[in-house]
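Step one of this worksheet: look at the structure below.
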Amino acid sequence: MSSNQIALKNLVSMETLSNEEVMALIKRGIEFKNGAKVHYDEQHIVSNLFFEPSTRTHKAFEVAELKLGCDLLDFDVKTSSVNKGETLYDTILTMSALGVDVCVIRHPEVDYYKELVESPTITTSIVNGGDGSGQHPSQSLLDLMTIYQEFGRFEGLKVAIAGDLDHSRVAKSNMQILKRLGAELYFAGPEEWRSQEFADYGKFVTIDEVIEEVDVMMFLRVQHERHDYESIFSKENYHRLHGLTQERYDRMKDTAILMHPAPVNRDVEIADHLVEAPKSRIVEQMTNGVFVRMAIIEAVLKGRQ
């Protein structure tokens, strides 16, 4: 499949993408990063509907859409009829009736998108910008692009995902596709936050058991909005037991990379001074987020033709 020939009706989960489609999106993102341009003769209207706070995902989608020449339809949850009790379904039904081509949605409800993509009335394409603790496909794709740019492969790579596993949509999206692409996965973090579903994809370890051998060390944000972690750990204890300290950073392979979906709780998951350290690719992940989201929007618009 050519990287610019992929066409998707919606993009709501990594599970709905074939390996071939995943690689096409990654390679198209790299092409955009290297300067590829696209021009649309017809108008394309995109609306970003974020029902949870977001900086990187929301703004990266906006930049991606602007770079593609799309027209952005503003949506502010605070001033919308959501505050009158309007359901998500009726909000998107309205967008569809208005002729919006693509809705990028972040919502706290897991699997919110199912009734939208199954509706015979809603014709707007849906891109999932994150559903509660469920899936985060665009973050997963930018992570994959970052890893692929670094190593040129996934097969045989050792990847450790560490932190607040149970509450992380990033962990769930990444574990599924990385295993499918041939990576060897390890999961680290507090036992209280790691359910058995992760055991189907990799091995439970401590950070110290694998820090010297992994190619990718991916830390996850402690999601304090979804639970009260300080009732279990102080910030200092969490960092000492489960975070990236200078001592652990020094033990990483010279060729290994450090990743985090951000925002980073500095001195909790990662020591403050290591966020931009030489092995860190956290800023690169943000940059890649624009280009892989250009590939996503392009593919979804192509799927509407």
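Cβ atoms here come from the backbone N, Cα and C positions, even for glycine.
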ARG56, THR57, HIS136, GLN139, ALA262, PRO263 bind carbamoyl phosphate according to Swiss-Prot; which of ARG28, ARG106, ARG240, ARG281 goes with them?
ARG106
I'd like to confirm something. Which of the binding-site residues, LYS84, ARG169, ARG221, has a Cα closest to the Cα of PRO263 (carbamoyl phosphate binding site)?
ARG221
In chain order, residues whose C-beta lies under 8 angstroms from the C-beta of HIS136 (carbamoyl phosphate binding site), counting only those at least six residues away in the same chain, are THR57, ASN128, GLY129, GLY130, ARG169, VAL170, LYS172, SER173, PRO261
Near carbamoyl phosphate: residues not in ARG56, THR57, ARG106, HIS136, GLN139, ALA262, PRO263 with Cβ within 8 Å of the site Cβ centroid are SER54, THR55, GLY130, VAL170, PRO261, GLY289
PRO263 (carbamoyl phosphate binding site): tally of other CB atoms within 10 A of its CB
11
Which number gives the other C-beta atoms within 10 angstroms of the C-beta of LYS84 (L-aspartate binding site), all protein chains shown included?
6
Around the Cβ of ALA262 (carbamoyl phosphate binding site), other Cβ atoms within 10 Å, all chains included, total 17
